[in-house]
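S.K.: First the structure, which I've put down as structure tokens, then a few questions once you've had a look.
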Amino acid sequence: MARWLPRSADLTRFCQKLNRVKTLEDDMMETSFNRCLSTIDLTLLGIGGMVGSGLYVLTGTVAKEIAGPAVIVSFIIAGFASLLAALCYAEFGARVPKTGSAYMFTYVSVGEIWAFLIGWNVLLEYMIGGAAVARAWSGYLDSIFNHKIKNFTETHVGAWQVPFLARYPDFLAAAILLVATAFISFGAKVSSWLNHVFSAISMGVILFILIMGFILAQPKNWSAQEGGFAPHGLSGIMAGTATCFYAFVGFDVIAASSEEARNPQRAVPRAIAFSLGLATGAYILVSVVLTLMVPWHTLDPDSALADAFYRRGYAWAGFLVAVGSICAMNTVLLSNLFSLPRIVYAMAEDGLFFQVFSQVHPRTQVPVIGIVVFGLLMALLALVFDLEALVQFLSIGTLLAYTFVAASIIVLRFQQQKVDAPAPAAAGRPSPEPREGPSAGELKEYESFSDKLQLVDRDKSKEHREPGQLKAAFEPYLEFLSDFYPGEVVTVAVVTLMVSAICLCSILVFGNTHLHLPTWSYSLLLVLFSLGFLLSLLLIWAHEQQRSTQTFQIPLVPLSPALSIVLNIYLMLKLSYMTWLRFAIWLLLGLLVYFGYGIWHSKENLREPRPQRVSARYVVFPSGSLEERVQAVQPTSQPSAGLPDADTEDCKR
């Protein structure tokens with residue numbers, strides 16, 4: 001029975017395979033893509049991904065059903081929370097200008113299996129998101145024509161009553177996805193130009209809404225007679241924040257496009273900052289004018305802006321709002337179809353996904369096969385599936401990606417920077433001993449014991465050490481941590497921090513409702529897990545970080561990423577149990593793909609050195625000497641040959 005159990009060495013090697021990190025090229029600017037996108041291009045891509053149908057629908061829904069006019073505060077808090085995640089993406093996008101977004105960032109810092117699962121979830125997130133937006137686009141256009149398209153389809157094609165399938169096939173949604181797929185396949189420049197056109201129309205409509213809205217504003221709509229500014233109090237504001245947070249999830253298209261940016265070190269952080277700032281401003285200002293034009297409790301959640309203008313006597317403005325909404329949804333479609341094939345390409349290029357998706361068209365310089373295949377899959381989803389039950393799945397994939405990117409920032413910041421390996425010594429010559437000179441960072445030979453003591457004392461007195469090492473000021477108090485490798489304690493502390501955050505948020509979300517904890521145990525658990533979180537944070541902070549680089553770096557590390565981790569976990573635990581069940585099933589499918597294909601075809605697996613089997617033959621001569629002949633074991637099909645006589649070693653006994 002024991003012989004069937006895996007040995008500890010095999011388990012260790014297996015765990016190392018799962019957690020191996022990606023080896024980056026020396027020249028990260030080298031790419032098979034076309035680096036043609038400027039800061040403006042990336043900014044408009046980000047705005048297109050964030051300012052979609054949510055601006056025309058989400059603002060009215062949250063104001064009417066959740067927060068009232070205090071939806072403004074909800075968007076401010078949600079914008080700040082999104083900023084924490086966006087800054088993490090900005091640092092990674094500048095330091096690692098490769099396509100893949102959260103997948104790539106996790107792969108270079110945390111490990112292979114975690115990166116694959118993040119990429120696997122992002123794939124489904126983009127497919128469902130694009131299909132859902134296409135159906136919303138179809139429904140919005142159909143409503144303008146009095147639902148004639150829907151009635152014609154149900155009459156001539158038929159209606160279905162099948163679980164998980166739509167009531168009728170939405171040919172219009174599938175058609176718009178196929179058209180968008182065709183445009184995306186023409187190259188990044190064409191996609192960017194098309195996004196510019198739709199974004200310009202959308203921003204023009206938003207500007208019109210703001211000007212007309214402030215002209216028609218009535219401050220009495222925020223008065224106590226109408227329920228006040230925050231009719232549902234702080235709880236309504238925070239509940240609205242959780243919903244408004246998902247309005248800002250589109251900025252990761254900028255990180256996914258970093259391999260096609262001309263100057264990603266500068267363009268990616270600036271584009272993320274500009275797009276997030278403009279999107280937050282647009283959501284806040286539209287919420288202001290919407291709740292000032294008409295009383296918040298009379299809003300139509302499905303078409304709040306168009307209905308508000310209609311009720312104020314400007315029915316013609318509803319047509320402009322409809323045009324702006326359709327253009328905004330077009331930009332979201334382009335954003336999803338632009339990002340998804342590039343993440344698939346990054347996974348296939350690393351060997352974790354099917355190799356066919358890593359092919360780049362030589363003329364358009366885009367992954368055409370990935371664009372066409374996943375565009376067709378997205379169109380199929382929009383055509384026949386009921387996506388309302390799956391839309392919540394988008395949230396958990398996004399929040400999980402944000403969490404791992406924030407954790408990756410902490411791990412990467414406390415890792416030692418890789419340096420180039422020294423050139424191998426010439427054959428037959430011993431490599432020179434490294435020495436330390438007054439102007440070089442080489443080693444020095446110390447002959448006497450007193451010299452060695454002076455060296456130790458001088459090293460301990462240094463204030464700045466290598467990244468991942470304990471700071472000199474904390475060594476007298478945490479001396480037992482000095483024996484660990486640089487970065488090892490930080491990695492353990494990050495895991496502890498995430499576990500503490502999960503436990504803390506679980507108590508906050510389920511403590512009073514599902515667990516029915518008494519007050520004393522609820523408070524005690526909150527204190528214990530809060531202490532675990534803070535101690536992990538302090539332990540990370542007690543170690544040296546990497547020095548400032550020329551690229552953008554998020555401030556207040558590890559505090560900023562830690563706050564992002566807590567917020568993301570809290571929002572994930574607020575999702576329904578059915579969302580978690582679907583998420584678990586999708587993860588299991590992903591693990592089957594990884595262990596069936598990815599782990600064997602990974603490029604990092606091919607880079608691992610293969611142990612060479614060696615055999616030794618001993619021959620005893622009459623003189624009493626023992627000759628050892630060493631030779632490499634050859635395959636059975638090849639004759640084994642020994643080493644030349646010059647390599648034969650004689651051992652006298």
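FYI, residue positions are counted from 1 along the chain as it appears here.
Yeah, the Cβs are placed from backbone N, Cα and C, and that goes for glycine too.
Any TrEMBL annotation is an automated prediction that lacks curation.
Annotation comment: TrEMBL describes 36-58, 70-90, 102-123, 171-190, 197-217, 229-251, 314-338, 366-385, 391-412, 489-510, 522-542, 579-600 (among others) as transmembrane segment. Here TrEMBL flags 423-442, 629-653 as region 'Disordered'. If you look up TrEMBL, you'll see 432-442 marked as compositional bias 'Basic and acidic residues'. Summarising the annotation, TrEMBL assigns domain 'Cationic amino acid transporter C-terminal' to 552-602.
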S.K.: Tally Cβ pairs under 8 Å between the transmembrane segment (229-251) and each listed stretch (70-90, 102-123, 489-510, 579-600), then give the stretch with the top tally.
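M.R.: Counting Cβ pairs under 8 Å, the winner is 70-90.
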S.K.: With contact taken as 3 or more Cβ pairs under 8 angstroms (pairs 6 or more apart in sequence), are the transmembrane segment (36-58) and the transmembrane segment (102-123) in contact?
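M.R.: By the criterion, they do not touch.
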S.K.: With the transmembrane segment (522-542) as the reference, which stretch in 70-90, 102-123, 197-217, 391-412, 489-510 has the largest tally of C-beta pairs below 8 Å?
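M.R.: The stretch I would name here is 489-510.
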S.K.: Let me spell it out: take the transmembrane segment (197-217), skip the flanking residues so only those 6+ beyond its ends count, and list any with a Cβ under 8 Å from a Cβ in it.
M.R.: 44, 47-48, 51, 55, 282, 285-286, 288-290, 292-293, 305, 309, 312, 314, 317, 320-321, 323-324, 327-328, 330-331, 334
S.K.: So, by DSSP, how many helix, strand and coil residues make up the domain 'Cationic amino acid transporter C-terminal' (552-602)?
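M.R.: Helix (H, G, I), strand (E, B), coil: 40 helix, 0 strand, 11 coil.
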S.K.: State, in range form, which of 70-90, 102-123, 489-510 has the highest count of Cβ pairs under 8 Å to the transmembrane segment (391-412).
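M.R.: Of the candidates 70-90, 102-123, 489-510, 102-123 scores highest.
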S.K.: Should anything in the same chain at least six residues away from the transmembrane segment (102-123) have a Cβ under 8 Å from its Cβ atoms, list it; otherwise answer none.
M.R.: 17-22, 24, 89, 92, 96, 252, 255, 340, 343-344, 346-347, 350, 352-353, 374, 396-397, 400-402, 404-405, 407-409, 411-412, 415, 583, 586-587, 590-591, 593-594, 598-599, 602, 604
S.K.: Cβ under 8 Å, sequence separation of at least 6 from the ends of the transmembrane segment (489-510): give me the contacting residues as numbers and ranges.
M.R.: 403, 407, 410-411, 414, 468, 470, 481, 517, 522, 525-526, 529-530, 532-533, 536-537, 539-540, 543, 562, 565-566, 569-570, 573-574
